[in-house]
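Feature list (source: Swiss-Prot):
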ACT_SITE  80  active site
BINDING   180, 181, 182, 183, 184, 185, 186  NAD(+) binding site
């Protein structure tokens with residue numbers, strides 16, 4: 001892998017390698033773009049096949065956070081960390097303390113958070129060494145469990161997509177097929193049930209399905225049958241890549257709006273559902289409630305302020321749909337364009353984030 005050529009191609013700013021022999025820390029911090037502000041992105045711990053695979057993952061995820069944060073209207077850039085190791089057996093306090101010192105050494109250019117393979121407890125240890133971390137324990141002033149807030153954002157985004165498809169954002173009487181009934185999807189189902197939507201649910205966790213059936217009057221189906229249900233809205237809220245060659249021919253929904261990440265297996269599947277007239281709410285726009293919520297911690301967490309910002313996901317989806325119509329492009333491309341246009345407007349007046357007295361961190 002020719003690192004500098006790759007970084008130049010996608011306009012990355014910085015790649016930081018962090019090593020601590022005593023604790024076993026091997027971490028890679030990727031900072032993609034800080035035009036809008038310091039880079040925010042979680043720390044992932046994973047057993048990568050090679051160091052090159054870890055680098056590629058860090059770079060890819062950091063770029064994704066640039067787009068997610070920009071589209072969400074946050075004054076934050078995109079970054080990501082990967083720690084090479086098995087989160088089940090390689091963790092220790094010294095590792096996360098050492099990592100916290102490396103973050104502190106970046107002087108605010110990068111702010112971390114929990115991700116796959118890391119926990120709130122890990123973030124608390126990092127917090128012992130630096131303030132540039134979010135998603136810590138509520139005892140330290142954090143926002144707590146982000147799932148209800150993420151679900152609320154998905155609910156608002158779904159209403160915006162429904163308005164485009166059906167002429168009204170009311171979900172009363174609409175049938176929504178929800179794939180996955182985990183923490184986020186359960187809270188989404190609660191909002192939908194309260195508005196009077198009819199629910200079809202599936203999950204590999206039978207207890208979660210039974211709970212949704214009992215509490216929301218949902219109808220349960222087998223996991224493989226969720227795609228072919230007669231419904232108005234398909235809400236993927238579990239694994240990614242569920243919009244693919246096998247599932248698209250089965251879909252009867254007019255809207256796809258859910259909490260899952262990386263819903264399109266390939267970009268061409270976004271083209272395909274666009275050509276079919278399906279209104280697709282791009283994943284990283286509609287599921288941004290979690291990152292909006294933790295970002296509010298940087299101001300000193302205020303739940304009312306955070307929820308008001310999350311409600312803005314409705315308008316963000318509307319803008320994506322407007323760009324899609326304006327430029328005659330699928331919504332997944334329109335989401336990228338929304339983020340890129342915001343970054344470009346800011347780039348006119350600043351080129352990169354450097355610590356100063358007038359930015360988001362000065363409010364902490």
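Here the Cβ of each residue, glycine as well, is placed from N, Cα and C on the backbone.
Here the features listed in Swiss-Prot are painted onto the structure.
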| residue | record | DSSP (3 states) |
| --- | --- | --- |
| 80 | active site | strand |
| 180 | NAD(+) binding site | coil |
| 185 | NAD(+) binding site | helix |
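The C-beta environment of residue 185 (NAD(+) binding site), restricted to residues of the same chain at least 6 apart in sequence and closer than 8 Å, consists of 151, 178, 179, 203, 235, 237, 238, 258, 259.
Take the mean position of the Cβ atoms of 180, 181, 182, 183, 184, 185, 186, the recorded NAD(+) site; other residues of that chain with a Cβ within 8 Å of it are 147, 151, 187, 188, 189, 203, 208, 237, 238, 259. Spatially, by CA atoms, the binding-site residues 182, 184, 186 include one closest to residue 80 (active site), and that is 184. The binding-site residues in question are 180, 182, and the one with the fewest Cβ neighbours inside 10 Å is 182.
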